[in-house]
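Asker: Supplied in structure tokens, the structure appears directly below.
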Amino acid sequence: MKYVVKLGGAALENPEIFMACARAVADLVKDGHQVALVHGGGVQLTRTLKQLGKQSEFIAGLRVTDAETRDAALMVLSGRVNKSLVAALGSLGQAAMGLSGGDGLIFRARKKRTVPDLGFVGEIVASDPRWLEAIWKMNAVPVISSIALGFDGEYYNVNADEMAAACAAACRADALVFLTDVPGVRGADGTIMRWLTVDQIPVLSQTEVISGGMLPKLGACREALLNGVKRVRILPAEAAHVLPDLCSARVTDGTEVMAS
């Protein structure tokens, strides 16, 4: 089977959870699956920007990205975070290749048109998964940072959830899994929803049951399902160990998002 796993949030900060996620990915490959690992790094980027004396601003869960912030994102996401994940997989004996979405023209972006303007924030408009296929043939894991190249030659910061959905659609993944720092999607009563359909997402958004970073995440879930991805699940990163059992056993952690 073909998996796209998105890792972000505090999972990248906690050494134990970080390694548990890497181990789960390595176990999937050991079991014969093809895995692409897409990552964010918003916490690390915010910290670096603060060290540079720059405040972070978010609108509807998306980071406002001027040229300086974009350059910092290139450094942090495609550099420090990406190579840390490659190293973690390598320490487990699993070969990995670190990439940005712009490498090999795997993903092409255009500036996201929003009001107010978000700056160098992009959305994926084209993809070419041949590099991913080549890496999989070597029994390795492509590790992809959420940076993509525009047709104008500029790099764009892409929401990592949206990047993961685009990756899953491009390679026709059997499953897209978001490993995150929340236990799942909370309903109006505050309890974790074990499943929801794409038709429920606009309603939950309009009633403000979901907000902040969960908005683009659920939007990404919807796009993935509408573009042929078979399964989408939001899973707490501390439950990453269930990944190898996701399609062969009953898993109750997190929230399953379904097409209908």
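Using N, Cα and C of the backbone, Cβ positions are placed for all residues, glycine too.
What Swiss-Prot records for this protein is below:
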type: BINDING; residues: G41, G42, R63, N157; note: substrate binding site
type: SITE; residues: K6; note: site 'Transition state stabilizer'
type: SITE; residues: K217; note: site 'Transition state stabilizer'
Asker: Three-state secondary structure of G41 (substrate binding site) from DSSP?
Answerer: coil
Asker: Around the substrate site formed by G41, G42, R63, N157, list the extra residues of the same chain whose Cβ is within 8 Å of the site's Cβ centroid.
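Answerer: Surrounding the site, in chain order, are G40, L45, T46, T65, A73, L77, S146, N159, A160.
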Asker: Between all pairs in G41, G42, R63, N157 (listed as substrate binders), what's the biggest Cα distance, rounded to the nearest Å?
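Answerer: Site span for substrate, by Cα atoms: 12 Å.
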Asker: Within 10 Å of each Cβ, count the other Cβ atoms, then let me know which of the binding-site residues G41, G42 comes out lowest.
Answerer: G42
Asker: Could you state the whole-number distance in Å separating the C-alpha atoms of K6 (site 'Transition state stabilizer') and G41 (substrate binding site)?
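Answerer: That separation, Cα to Cα, works out to 11 Å.
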Asker: Just to verify: the residue among K6, R63, K217 with the fewest other Cβ atoms within 10 Å, which of the recorded positions is it?
Answerer: R63
Asker: Would you mind reading off the Cα separation of G41 (substrate binding site) from K217 (site 'Transition state stabilizer'), to the nearest angstrom?
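Answerer: Cα-Cα, rounded: 15 Å.
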Asker: Give me the long-range Cβ neighbours of N157 (substrate binding site): same chain, 6+ apart, Cβ under 8 Å, in sequence order.
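Answerer: Once residues fewer than 6 apart are set aside, N157 (substrate binding site) is near R63, T65, T69, R70, A73, F120, V121, G122, S146, I147.
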Asker: Using DSSP, would you call K217 (site 'Transition state stabilizer') helix, strand or coil?
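Answerer: Where K217 (site 'Transition state stabilizer') sits, the three-state DSSP reduction gives helix.
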Asker: Between the Cα atoms of G42 (substrate binding site) and K217 (site 'Transition state stabilizer'), what distance do you get, rounded to the nearest Å?
Answerer: 14
